[in-house]
Each structure stands twice: as structure tokens, then as C-alpha cells.
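Following: one structure in C-alpha cells, then a few remarks.
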């Protein structure tokens, strides 16, 4: 019974904290019960137990009762260890309870007196205390304990403690380290760093374990500033030579992207172990220096250091980053020999390496062979399918993973959302979003939130993207960048620019290079040149101008905004130029109508810089040939495309069709079209428009019917081309049928389609239908107004034309050169000489529009029809631009109309000379 009571007391009072170990339990096991008249305390019963130890238990203020039914020899009690004291009350009540409590209180008071006499002999456990049973103070040697919440604590203690200087009692380093490890192990890195600062403030002595834990926290948070602060403390404590501390320093600097500082620490280390080598290898792989990581791995092997699982993970990541498949296979062989292939993290890294190096079959084979698969393995395989452009396969694998009841983590969700993005699976993405909300990852993991924004934006659901963005508790620069790029992709350039301003001015978030790419694309999409210049200044201040992709986007922005000189200036200043830079510059010159300059750059890029063009480059230079009508150059580029095996690329072949058609070689265009292994709506639309440009409207209409029979759905561009075919063939009935298809397809509200409808009806002679379409349009641009004006001019509706022009002016429509061509043509057909001359004069005076050959041709025709042949000839002689055949033909027609043979002969001779000069130039 005595043993049972003692065990109960041990369990109840937590005596293991005061040294009551197994040896004490064995000693007590040999005892028998005390005599009937048991003293009040075991310390008086067992003569060798010190009073201080007895008091430590008395602080619990919970007496232990003992049974009195057995006897024991005093000799057996002598074996009780001196460090153990148990306070017990006699069950018979021989000693009054008041006397017992008074004795305990005196023992506790004596302990407190010892505490204040020499606090340096005690340790303060209050900072890390989490259990009320754990003592507040402990003696370093005797392990005597004191509790502040004990009923036995003297009243004067609080005042003495308040008067005691801070940090008088030394805190326990071990307990602080335990808390540090718990924080880092559970991912509470901010708390770990905060605890380290508390240790510093309280004067807790650091050791190597402390530094390793807090450096891991800094590395995980990529907090370089905190890491440098810890490094300073390490240097002051002379722990830099500790191999584990040094390795953690290397790892911290590498993970924070400061590879130079990592090298400094690494080179100072007296010896390198596998941990330090692995940290350097992983650091270089993470910083995009895969080749250097592989060099380090080989150097490590040469020095006789055997890689472990962590090393293999790092070097496999290096192979993944540079696509070093053969090197990866070689390392795979070493992994098999080392026995690490069964390690789930190594296996997952192998899957990831094979997938990222394009060998998805090897990745799947290894994945299927893995003895155990965790969430990392599944995520690696899913991401592998995404990278190889097999988004559907990735989604199927994700469903398989769910059937296997493997819970996805943040990395899985990011990969699956990428899969949804790649295949435009909005509904799948919404289902994944629901699962993310159930898991709680969306609010806690900013990467998952960013992936959701990206998925919704690229799937065209900006409302959902905005909802996720607004609900995120924490947003980083990636979040803002994803939203900006989403707006740009959805054609909302102004919204993208507004968001960029909010990001910088209201949130104080600094853009990164990817942000600049998005905002420059926004400027380009809305022709915001001044905003683009402002962003350029910010890029210069941020030091991102040397980034080749940012530089290329600047070139693209300036070119699309019409400032080709600024584009060339940026291009010339770029320290390095890649195929993207050259392509951006080529496309810029094409957009500005300088096809010859685009061709020069294309040659320079290959001959001088040795850069091979990509499909987009070929598309750009083919467009340059098309606007110049440079058929021979186009044929030469076609040969290069065939040699590179790019003829089957859909957009390249479509550009070839367009180039041949615009250069007048419709047979070559059709030959390329017929050879295309796969044709989409762009290919068909290009060929249809090619026939229209060559004046073969009926062929265009036939091709449109063939396209429909093959099940290809027309888009807005197709309808524009076919409407132009109807207009050129004056096929009004077919145009009306096409109008019905447009209405059924929902494209009637498209501005370009509506403009083409107005133009088709006008050219087919149905001005009333043209007016009906025009009046029913929800929005108009200058093209819409000009199309209607042209219809009036073509059919001699001079009053309607002039009224339409005046309506344009009232509506504030920006008048352009084409507007005046149609207006002057209307005046010419109606014989309104005075009105025509008045409008011609107002072009420069009122609208600041310079007269072109087309405008002068209208005035020559106007004067010629009215019989003012001399005035018409004088106008040709004094006009600022070089007269072409159109002008002389107009005057020749007027001479024929008014039978002026003398002038007719002069004009005819001018035409002969003009054609002769053209032939001579062509011969050259």
C-alpha cells in the first residue's frame, strides 16, 4: 500500500521534475509501510532527506496520505535517495493540520530567502513556461523549485521581485532552443525570429543549435536582412567555425538569392561536409545557375564527399533548370547505386527532372515504379504534364490522386490551376477553387491565390479574378502583376494601367520585371505613349532596363505607339539582344509601314548577330514583304522556313498565304494553303481575304462555302472578308444571306463586321440597307461614318453626303483624310464646284489635314467635269506631292469629255513618260 501511495504521489505532483527517477522508484519498492505512529513528514521519517527537497514538494500544497496497515524495518528506509522528499500526512491525524501547513510554509520561505540571497544560482523558467505545474524558478544544482502561484509563497516575495533588476536570474537556454525548434518545425518562422530577438533582449546565451534554427527560419522566409543580423551575432559569439552553423549560413544566403555571400561563408569554412556542399548546390540551382551547381556536384565527388538524399534533390533540380537530360540520367544511375531511389523526395525530384527535360514517358515510368508516393510525387507528375503541354492529362492525374485519397497541398493546387489555365478549363478551375477554399490554402498561401487570379484571368473571367484578389488577406507583387496581365489579356488596357497606379501609389508595392512587361503591354494596347514614357523612367530607376525581356517590351511599346525612333533608340542601347528583341523591332517597322527596314533588320539579325529567327520573326518579316509587295524576298524567306521545318506551323503558313496573295501571286497562296496539314479559321480567313485583295470575289465566296462544309465556324475576320467579297462581286443576294448568318452567329454587334455590312450594302447599290445597318449600330467609329459617306458619294447622293458630313462634325467625330476623299468625290459627281473647292481649302485651314494625291485627284476630276481644264492642269503643276497616273488619267478623261485635243495630247504624253519611267526603274 505504501508503494501505491508513493506512486500516486509521484503521478499527482509530477515528481519526475525534481529528480524522482527510476532509481528512486526501485528504492521505494523495497520499503514496507511505516509504524502505526508515522510522523507528519517523510523528511522526519527518513533522516537523510534534506529540508529543501521536502519543501519543494510542499509547495504543491497537496499532502499525501499513507496507509498504516503494514510494518517496515527502518533499515529499508535508509536506502531512500537523499535527493527525494515526499511530504505526507498521517492518516490517523496524530499531528494537527495547522502545524503541518506552518512547517511547510517555513520551508518555502527559507527557499525564497536562499533565492534572493544569490539569484545567480537559479534559472528563470517564466519566459518559456506553458504548464502551470512547471516551476517558475529552479536551483541549478539542487533542482529545488519555486512557484509564484503557490499558496505557500510569502507575502513579501512580490515586492522583492519587483525591486530586482531585470535579467538578474539567468533564463534556461535549453528551453528557449526547444521553443525555437518547435516554431521552425511547424512553419511558424516569424515567431521563431521574434523569439530570437526576445532571447537577445533577455541576454540568453546563444549556442550553435540556436543559430541553426533561426537561420532556417530566415531562409524559409527569404529574409536577408534578418539573416545578416543573425550572421553578425554568430560572428560575435565565435560560432562561425561550427560546421553546422556555417552550413546553415550558406543555405540561408543561397535561399535569399545572395549567392556571393554564400560563397564567402563557404570559402571560409575549414572543412566542408555534405550539408554545406548540398546547400551550395541547391543555392546555385535555385538562382538559375544550373551549370555551376553541376560543377559543384562533380567537385564534391572529387573531394570524396558522398552525396545524400538532399544533395541528389538539389542536383536534380539543377538538371531540370537547364534541361540537362543526359546528365540527369547519369545522376539517376548514381542514385540507384547509393540506394536513395526509394527515398520519396529523391523519387519525386527524378520525376520532376524527367518531366521538365521533356521526357514525360520516363517520368511516368518512374512514377509508376515508386514504392510509395506522397503529395510531392503526385504534384511533380502533374506539373510535368502541364510543362509538356498536356493539361488534360494533368487533370486526369489529379482526379486519380484524389481517388487514391492523397490530400493535395498548395503546390498541387498551383500545378492543377496551371493545367486548367493551359486548356482554358474554367469550370474545372472553379471546382478546384472550391476544394482550395475547403482546405484553407487560399487565404494562407499567397501563391495559391496568385494562381487562382492567373487562371481566372487567362480563362477570361476577370470578375472572378478580381473577387479572389479582393479577398486575399496578403497580396504580393505577383498578385498585382497577375491582375494587370489579366486585364491586358482581356483587352482592358486602361484598367491595367489604373491598377498599376494603385499598386504603386496607394499600396507602395514596387514592381518587378514581370510587372513592367504587363504594364508596357497595357500601354501598347491602348497607344498610351506618355504613360509608356513614364513607365520607362521608372524602369531606369529600378535598374531593370538591362533585362532583355523588359528592353524588348519597351521596343514593342514604342513601336506600337508609333514612336519608331524611340524604339530604335532603346534597341540600340540594349546590352544583350535575343530573338525576342529583334522580332519586336522588326514588327515595329512593319507596323509603321517600313517593310524595307524590317527586311534589313532580318538580314542583320542572321548575318551579323547569328541569331536564328523564330516563328514570330518569320510572321513579322513576311508581313513586311506583304506591305512592300516584295514577292522575291518573300520566296527567299519561304525557303528558309521550309529548311527550318516551320512550314507546318499554322500561323507561319497563314502568313505565307497572306504574303503571296498581297504580292499578287494568288496561285502560290493557294498552293501553300492546300499543302497545310491542318487549317483553322485564321487560315481560311486569310485565303478568303487573299482572293478579295486580288479581285476574285467569286472564288472567295466559293472558298467560304467549302469552309462551312468542313465544319469550320467563321469568326468576325472571316465575315469581314466574305462581306468584302460580296461587295467586290456586287453579290447583293449573297450579302443578305450572309447578313442573316452574322445575326445568328451574334457578330452583328462587332464594330468591324457592322462597318463591312454598311460598305457591302453601299457598294452593292442598296443605300437604304446601308442606312438601316448604320442607324441600328450601337457604336460608331470614323470608319463607320466614312463607309456611309462613301455610299452616298458613290450613288450621287450629294445632299445626303454633305448632310452626313455635317452630322459627323456635330457628333465630334474625328475627321480624317479618307473622310475628305469621299466628300470631295461626292461634290465631283454632283458638279458642286464651289462647295468642293471650299471643302478642299478647309482641309488644311480648319482640320490641319494635308492634301494627298487622292484629294488632288478629286479636285482635278471636279474641275475637269465642270470644264475648268486649265485650272485643273495648273493644280497638278503646283501641287506639293508628286503627281501620279491617277491625276493625269482624270485630266485626260476631262479632255475627252470636253473635246480638248491639244491638252489631251499633252496629258497623254505625260502618261507615256510616266509609265516609261516606271518600266526603267523596274528593269533596274
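Including glycine, each Cβ sits where the backbone N, Cα and C put it.
Quick look at what TrEMBL lists:
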REPEAT    242-272  repeat 'PPR'
REPEAT    273-307  repeat 'PPR'
REPEAT    308-342  repeat 'PPR'
REPEAT    374-408  repeat 'PPR'
REPEAT    445-479  repeat 'PPR'
REPEAT    547-577  repeat 'PPR'
REPEAT    578-613  repeat 'PPR'
REPEAT    614-648  repeat 'PPR'
REPEAT    649-679  repeat 'PPR'
REPEAT    680-714  repeat 'PPR'
REPEAT    750-780  repeat 'PPR'
REPEAT    781-815  repeat 'PPR'
Three-state composition of the repeat 'PPR' (649-679), taking helix and strand from DSSP: 23 helix, 0 strand, 8 coil
Beyond the flanks of the repeat 'PPR' (273-307) by 6 or more, those residues with Cβ under 8 Å of it: 243-244, 246-248, 250-251, 253-255, 257, 259, 262-263, 266, 313-315, 317-322, 324, 327, 331, 334, 338
Residues of the parent chain within Cβ reach of the repeat 'PPR' (680-714), under 8 Å, 6 or more residues beyond its termini: 650-651, 653-655, 657-658, 660-662, 664, 666, 669-670, 673, 720-722, 724-729, 731, 734, 741, 745
Predicted model, mean pLDDT over the repeat 'PPR' (547-577): 92
